[in-house]
């Protein structure tokens, strides 16, 4: 008798993110009474950084948006001061990735404006911008900061132009962009940069995806696929792939994956449902997780992306009865690493005039810092100046550690082939007590210092004689050496 040995394979794919769950904020930690805009424009309508949250609001006469301190939760004063210098409805807002006190807005009045926000927040109405960009002939629908170059911003409007602006010039009113890119035949619906900003992808009302060189405007790739009508497009980090959301030929909502070097046919596509709301895609390059949130939906689907087939691996979905009109996303440096939080949304719930924070959490039993889910991530320092970028230079983002106790100046440039300590001058970094003990030890080892004495007291965290825990300042908050991550969705631990 012949016995055939068969190998058993699990039906699911093993993943450390398999049990990620969404944890909505309690009522007192939401922003209540916010007059969210009733605009039908399919943008996020909200932008967040570790200090402030900004949301486009409904107002009579002109356009305005609200800027609140990130800790200003609870009931919002209906007469709270606003940023209200536009003569038409505000359509998009974006924080400067390298300056938490600088925000850009664009409007139906055909302008883009750059605003400085006071350190203590908006205490009175702000009507005069730091810069005003005048170049579009019709309303401006989208803006996007360059991901690695300082003082470079892109805008696109209903004149079908994509304009490149340099902000570090003396003029308060800038009338001539660096470049005006004319490769679109209709309104641009979304823009997305790759990691180093050397490629810009757009989706257009003509249902095509285009990839071009943002510096020269040269068109590199263009879709001509009839089976997928793209609405939003997103570069997937360093995977050299694009993700688009849109509709199939049968008008089902659909996601599609593309090779950035070949847009003739999607590498992967999946129909989701027959709803009509626009699908907003969000990608986390650190965890390779993709989140899909539909406008008007209450749920958020999430997936894990891999560079090999089948590329897209469904994890699960967060479900809620509260429909979202728009979404803001907190940058990684603003997350609570002690709670194993890997992503945070800010859901705009128009029917309740509510902004609801939603944390995506990896349940872990260990109380130590989870290095495997927090690799080095893009920080808030530019890797080059505007002039360097204009001159032809492309650089990846400057990376930082999220480890509690590490200061935001513990940086290393992506793709440099160095570890974090190589990117800092030894003598200079030794004078900065904010460096983590780990980095200091590595610096000592590199200098051939074999001393085994205890670290200098200037590098040790301060402790209270009556307290058994040690606190560090990280991500703008006090963090504990031994954090207490959530045990469950309902405090139940998953392994």
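Just so you know, glycine gets a Cβ as well, placed from its N, Cα and C.
Per TrEMBL, compositional bias 'Basic and acidic residues' is recorded for 419-428 (among others).
Annotation source TrEMBL lists compositional bias 'Basic and acidic residues' at 441-454 (among others).
Marked as compositional bias 'Polar residues' by TrEMBL: 468-478.
For 10-74, the entry in TrEMBL reads domain 'DUF1899'.
Under the heading region 'Disordered', TrEMBL lists 415-495.
Summarising the annotation, TrEMBL assigns repeat 'WD' to 83-125 (among others). The average pLDDT the prediction assigns to the repeat 'WD' (83-125) is 95.
Taken from TrEMBL, the feature repeat 'WD' covers 133-175 (among others).
Residue counts for the repeat 'WD' (181-222) under DSSP (helix as H, G, I; strand as E, B; rest coil) come to 0 helix, 20 strand, 22 coil. The annotation repeat 'WD' is assigned in TrEMBL to 181-222 (among others).
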Tally of residues which DSSP labels helix, strand or coil - the domain 'DUF1899' (10-74): 3 helix, 24 strand, 38 coil
Tally of residues which DSSP labels helix, strand or coil - the repeat 'WD' (133-175): 0 helix, 22 strand, 21 coil
